[in-house]
Protein chains: 4
Amino acid sequence: MKTEWNEECAVVGVYNAQNAASIAYYSLFAMQHRGQEASGIATSNGEKIITIKKNGLVTEVFCDETLNKLKGFSAVGHNRYSTAGNDSIADAQPLFARYDLGEIAIVHNGNLTNARQIRDELIKEGAIFQSYMDTENLIHLIARAKQENLIDRIKEAVLRLKGAFCFVILSRKKMFVIRDRYGFRPLSLGEIVNSDGSKGYVVASETCAFDLVGAKYLRDVEPGEMLIFSKNGMESQSIMLPNPHPCVFEYIYFARPDSRVFGRLVYDIRKNMGEELARENPVEADLVIPVPDSGVAAALGYSRQSGIPFELGIIRNHYVGRTFIEPTQQIRELKVKLKLNPIRELIENKRVVVIDDSVVRGTTSRQIVKILRDCGAKEIHMKISSPPTISPCYYGVDTPSREDLISAKMSHQEVCQFIGADSLSFLSVEGLKRSIGVENYQYCQACFDGKYIV
Amino acid sequence: MKTEWNEECAVVGVYNAQNAASIAYYSLFAMQHRGQEASGIATSNGEKIITIKKNGLVTEVFCDETLNKLKGFSAVGHNRYSTAGNDSIADAQPLFARYDLGEIAIVHNGNLTNARQIRDELIKEGAIFQSYMDTENLIHLIARAKQENLIDRIKEAVLRLKGAFCFVILSRKKMFVIRDRYGFRPLSLGEIVNSDGSKGYVVASETCAFDLVGAKYLRDVEPGEMLIFSKNGMESQSIMLPNPHPCVFEYIYFARPDSRVFGRLVYDIRKNMGEELARENPVEADLVIPVPDSGVAAALGYSRQSGIPFELGIIRNHYVGRTFIEPTQQIRELKVKLKLNPIRELIENKRVVVIDDSVVRGTTSRQIVKILRDCGAKEIHMKISSPPTISPCYYGVDTPSREDLISAKMSHQEVCQFIGADSLSFLSVEGLKRSIGVENYQYCQACFDGKYIV
Amino acid sequence: MKTEWNEECAVVGVYNAQNAASIAYYSLFAMQHRGQEASGIATSNGEKIITIKKNGLVTEVFCDETLNKLKGFSAVGHNRYSTAGNDSIADAQPLFARYDLGEIAIVHNGNLTNARQIRDELIKEGAIFQSYMDTENLIHLIARAKQENLIDRIKEAVLRLKGAFCFVILSRKKMFVIRDRYGFRPLSLGEIVNSDGSKGYVVASETCAFDLVGAKYLRDVEPGEMLIFSKNGMESQSIMLPNPHPCVFEYIYFARPDSRVFGRLVYDIRKNMGEELARENPVEADLVIPVPDSGVAAALGYSRQSGIPFELGIIRNHYVGRTFIEPTQQIRELKVKLKLNPIRELIENKRVVVIDDSVVRGTTSRQIVKILRDCGAKEIHMKISSPPTISPCYYGVDTPSREDLISAKMSHQEVCQFIGADSLSFLSVEGLKRSIGVENYQYCQACFDGKYIV
Amino acid sequence: MKTEWNEECAVVGVYNAQNAASIAYYSLFAMQHRGQEASGIATSNGEKIITIKKNGLVTEVFCDETLNKLKGFSAVGHNRYSTAGNDSIADAQPLFARYDLGEIAIVHNGNLTNARQIRDELIKEGAIFQSYMDTENLIHLIARAKQENLIDRIKEAVLRLKGAFCFVILSRKKMFVIRDRYGFRPLSLGEIVNSDGSKGYVVASETCAFDLVGAKYLRDVEPGEMLIFSKNGMESQSIMLPNPHPCVFEYIYFARPDSRVFGRLVYDIRKNMGEELARENPVEADLVIPVPDSGVAAALGYSRQSGIPFELGIIRNHYVGRTFIEPTQQIRELKVKLKLNPIRELIENKRVVVIDDSVVRGTTSRQIVKILRDCGAKEIHMKISSPPTISPCYYGVDTPSREDLISAKMSHQEVCQFIGADSLSFLSVEGLKRSIGVENYQYCQACFDGKYIV
């Protein structure tokens, strides 16, 4: 059962920067792919925290005028993936509150598996909840913690949480960063140099944010680590016993290919997956085409390993927005056609290998096979650069429940038949491991094997 | 010292109505004059409370689409007067929360004089505050109250509050209405008849809301009274010892003239004030002109009593919006001229009595005298239909602090000189009493005499 | 038959002003009551004409940023009353064109009775029409006129036009103002003083614009007159034989009461109408109430003459916007109730004289009688401060066709019955003349007597 | 010298379709890459033409409500590339006019080289111009043509035009399509089948539109051809002696790779260009990376021919919108970094071949070299899949004037030095020809050789 609403998102924290809000803004822009529903930034000038958040893309939420209001040397920011149900923007982040130690603003990427339980306990103790966000739990826990100073309070609070979390917490003077002991979600630490030569820090879900703001990648925040930023610089504490199980799906789909995630370049691993896929599932074919954009790197790998030529046989329309006129009868299969247009001249009478990153419900794969078939493909071999998804994620990824996962309820043969391909192959779990290529592989792959660490 | 930010606003509650959101919408529209900053409605269908709120006028916040999402038989709504400082809409109402008894939405008109104290206590106990509204106090107090059922919790919570408050509280099944024991702010009870013949209820800050939605005025909610609306109908309990001190300023300025406030028609009282003013401050003059729209009824009374002809000598431009191009040097005194244009032909070479409702800082009066003088008025006699405002209000009215109240820091003669009139008169406190004309007069007039009941 | 779409609007022209666009903006704001559909301003800096226009109120169309783009010493501006049918803003003014003498921008208030005929002729000659505005005719006629210079061209073009027109024409260096020989629509000339002491000019449909921008009223533009503004100052030419027939309806309804129209103060004439109405149609009653805002001055006059007390018995809601949620069944007669709320306490058991300016279709009057009856009025005497409207206007007023004019198709008795009043009275045509009080009265009153001058 | 403002755009025409506006909408969406400034559609129901147009993307301009207003069986639509200077939307298309034969709406892709001359003649004859679009010329010419029927009028008018043009003209009953005799700009004809089995037609700038709306590609509209669509079906006439010189730049940059332009698949030709580039300009290197998205196909070709591995070494951010916060000092080279992020891990210490489509001013290439250099590239070999651009385009492409074309004013060596690459190569004109691979090659390549056909 899925608990609450804290799926795949992006967080950023900035400390000791001349224009913290601006750095946060560009970082969020670089990580826009992790959430397009809402965006927000809170800054502190040492005296007061100001928060601005709204539904929309980063570039829609902020303009020069609003960004100028966000004065201060430190900032936290957030891109939200989706808001289930409500109209209100109550669920946008950062979440701001006043409490006994002053003011606080928090951003969160992850999903607490004991969120409901903690909330029920807090509510029993008289707490009120104004949103549907896990983040609200943490603020309550901090506010009610018995320790005297904020650092100890945060520790006490965080130790009650289970599941996946990357928190960046802004107080008026300091900033705190915590990553859960499993390190499910990525979080990296970078350094910026101000124009006066002083140094500042950036933490962000993906390193592509560092590239844009000119930050130097230092290292990942460690599983179980808390970073404390103050006028004395950065301090690190290990507050939970680390038991690293980073999410393998970041490599497969979420992260930008130019990001370094869990210490490794996403683009490389995706290419490896394609190569493994070719080794495990050879087929005679005329060309390899990716489902853009997520399948491109794996398709390059597949092509390189198999020797079958790579072609950009499906073109993506990047102007797809949020509001669309309902399609008329005349325009069929529109939903996928609005985004993807196959090139008939390349595909007609060809044996085509199609590379996609994953199959969830199977409906999109089915539509893709259909539009390729309509272009006259002779054979369609659907190759998936990950194993079959059979279990939902409870650690921050917005997967449907098990009954909607096609590989959980159909046999391989049935899935192949449903999507209409001539053949269907998935990368094996072993192949996935080889693609990532680390010794002592401990990645969380519960979505593929159902083994939940928490 | 002014405590927090809960000035003059409008509240509405609707119970057992076929289209509760629609009734709330039109009620708020009728009471738009009490707050133009933000508007919101929460409805319950018995299972779930949905809240929509945004900055803007009622007609800007809601459209058919949003109103249709607010399904249910009960509703609470709010017009907000102003939000000090923050960009965020965190301070719009209704305030929604989940707590141990389920879901709750609250609207509030008034100002708690012990808000800060209660908040500090609550914060000490571990509560977090996400807004700057007094209303958040009440939800916390209800959530932490020791009683078992909601009715008793509300009572326990409300008994801790001091100051002025009209609360309408929506739970999933019921609605609760509370007015403070002094009855500072108005709150009336009306009855609606559904198309199936069943009866429903409306409570609203002003009766002009009843006129628009076709509700029948039943009576005022009593000071210290709690109304409980459930499937069993309406129940009344006296939960605080009543000590009525209704706000006399509602008669002078806030309420619409067509509203019946504290049991009396505002229009009539304003005319009485004008008559009293004429009795107390006779002057030889050629015409009486009101500062529109608030001075019109008093000017009619002054004219009737004095026999000096009434003329609409200043015309108001009703298209004044919120965004204005900054005036150039060529266009002087623009701020008042954008709204008010005196008719030179009526005023030139005339002895003019100008009727306004009150003098706060004195700057507007000064500008009005100036534009009349520019039209060639021979004499300008400024007559104010209320006593000099010398003390700030702590009970829900947005007055400036004492040092900005011109009558608190200047003598009568100095004020007259400052505004530039030939003479200046205020209604006496005794005249004010006579205008209202009740025996056992107990109105709060702390703004005029500095005697605060709380 | 109604020809085209140039109904009641406002025009302004500014010449030799330091900030011509700003003066035009405030002038249009003062005249917003003459048109709320669209607004536009064109300015010239001597080299180039720039035009900005959009649907919406003046304050919605322009902001600091847009106004700053409108640089120049001269400007023309326009408020549009309504656009029949089309979505496009093609029909907003000013109309801009390039032609053989350079660039030109035109604004227009009025209605050409031979617009269709001229357009057909122009179209036969090969002209194309991109809008539905009469104004486009004039530009074509100027572009095709045989004279060499612009002044002679304008004369030649204007002489072909029939009907009602006030044109303000901007070329890159000059400005031209023309009023038709009948002077149907008002147009006044004012003088402004720049901060360097130099003088500039403003022409506007109503003098309330002068009051706001600090212009001094000089005189009306004469029927048949052309004003030419250039670096040499202002020159006047009589280009058409004047035959003044100014529109009497400006006094009755259109103009702001604080405007001086056709040389006379509107407010005074409206009061006179009320007094005449009282003389012609005495009745025994308890109070006189106006339908706000247009009936207020006449009601004051009626009260003064009759001795029956004046009361503001109907309160107007000034927040009525353009977008409204469709009323539910529960809320009846909403359309008029949204704007107007009668005060029951004043009306109940009273004999009421209601003063309105005119009766067109009769439906609004009927609704007003209904809401007063619902308040318990004992008798309702509807008194109209103008004669029965029996003929449509072809000179710039947006009246319905004859079959929709209730007084054109029903007897007086039937109209009274339709609206449901106890009695109904109109001002006589003679009474109207006396109200205006000029010798040699030549006003156009075709709407009342069907005598069309053109 | 560049004449007016009709650069690279998209046009569409739809005839005899059940929902013509919807087909036009999706076609414009598929061709959004050809113009993002403004969008518009005009439809005819046989009686009346309705036009809606506005600034913004197709999905921003139209919603269900607006699209529903565009009723009719025929439609023309337009995406606009940019509007020089003016704020107004006067320059959006379709352009609508009433003239002696009724109503007409026109869309245009191209640029008339004698637009100014014709306009001057028309203006001398008394025409007025309300926009800055070439299209207005054509409407005037049609309106003034001496022939009796519209077909002959269009012919007469079109024969006076020089330059590049693809017009789609909508009358109330018919639709007309004309392509200039050189066939500079692409225009294709497709067929749709209505749900009742009847056939309709679509003409569009690119065939990717056909793919989305399910139209079958029939053929290109021929240079010099006029198509006439009426209730009798489609008729073709050759109205100008064809002299085909299609624009070679469509292959290099403009068209979507999945479009078939001038009878050939764009993707194929781009790959060929890359292969030719590799043959002409071999280099020893470690990897080939494209500047996305326009360089991808050519980079694939280069890699295939050279054997050097292809890598997506630069990742593009597709969320780049129109409004950006001005970059602070801390964030350098932001303009290109906002869009493009190189992957350091791939590039560091590598000899890199970078494939881009063209060099215009040289500044973008310079920034790209800079960000690659910052990533530690050992060698950077910039390879351009087209010859040096040395002459501006007068046939509908928005190129800067000659003095801003870096290859027109610098030697090859200087350009290489300016952009900072280790080597710089362009495709030769001969290589370009071979890439396209047609016999009797007659493409317009004036931008590369300065030989203008008109």
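Every residue, even glycine, has its Cβ placed from backbone N, Cα and C.
In the three-state DSSP reading, B:CYS9 (active site, nucleophile) counts as coil. Per TrEMBL, active site, nucleophile is recorded for B:CYS9.
When secondary structure is read from DSSP and collapsed to three states, B:CYS393 ([4Fe-4S] cluster binding site) falls in the coil class. Over all protein chains present, the Cβ of B:CYS393 ([4Fe-4S] cluster binding site) has 21 other Cβ atoms lying within 10 Å. Annotated [4Fe-4S] cluster binding site per TrEMBL: B:CYS247, B:CYS393, B:CYS444, B:CYS447, in sequence order.
Listed in sequence order, the residues of the same chain lying 6 or more apart from B:ASP357 (Mg(2+) binding site) and placing their CB within less than 8 Å of its CB are B:ILE252, B:TYR253, B:VAL291, B:SER294, B:GLY295, B:ALA298, B:ILE384, B:SER385, B:SER386. The Mg(2+) binding site annotation in TrEMBL covers B:SER294, B:ASP356, B:ASP357.
TrEMBL lists B:9-232 with the feature domain 'Glutamine amidotransferase type-2'.
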Recorded positions, contacting chain C; criterion Cβ under 8 Å; candidates B:CYS9, B:CYS247, B:ASP356, B:CYS393: none
B:CYS393 ([4Fe-4S] cluster binding site) versus B:CYS9 (active site, nucleophile) - Cα distance in angstrom: 14
Sequence-distant neighbours of B:CYS444 ([4Fe-4S] cluster binding site) in its chain (C-beta under 8 A, six or more apart): B:TYR182, B:PHE184, B:HIS245, B:PRO246, B:CYS247, B:VAL248, B:TYR395, B:ILE453
Euclidean distance between Cα atoms of B:ASP356 (Mg(2+) binding site) and B:CYS393 ([4Fe-4S] cluster binding site), Å: 20
Pairwise CA distance, B:ASP356 (Mg(2+) binding site) versus B:CYS447 ([4Fe-4S] cluster binding site), rounded so that it is a whole Å: 17
Output field, Mg(2+) shell: CB within 8 Å of site CB centroid, site B:SER294, B:ASP356, B:ASP357 dropped: B:ILE252, B:TYR253, B:PRO290, B:VAL291, B:GLY295, B:ALA298, B:ILE355, B:SER358, B:ILE384, B:SER385
Extra residues within 8 Å (Cβ to Cβ centroid of B:CYS247, B:CYS393, B:CYS444, B:CYS447), [4Fe-4S] cluster: B:PHE184, B:VAL248, B:PHE249, B:TYR395, B:VAL397, B:GLN445, B:ALA446
Proximal but sequence-remote residues of the same chain as B:CYS447 ([4Fe-4S] cluster binding site) (Cβ under 8 Å, at least 6 apart): B:PHE249, B:THR389, B:ILE390, B:SER391, B:PRO392, B:CYS393, B:VAL397, B:THR399
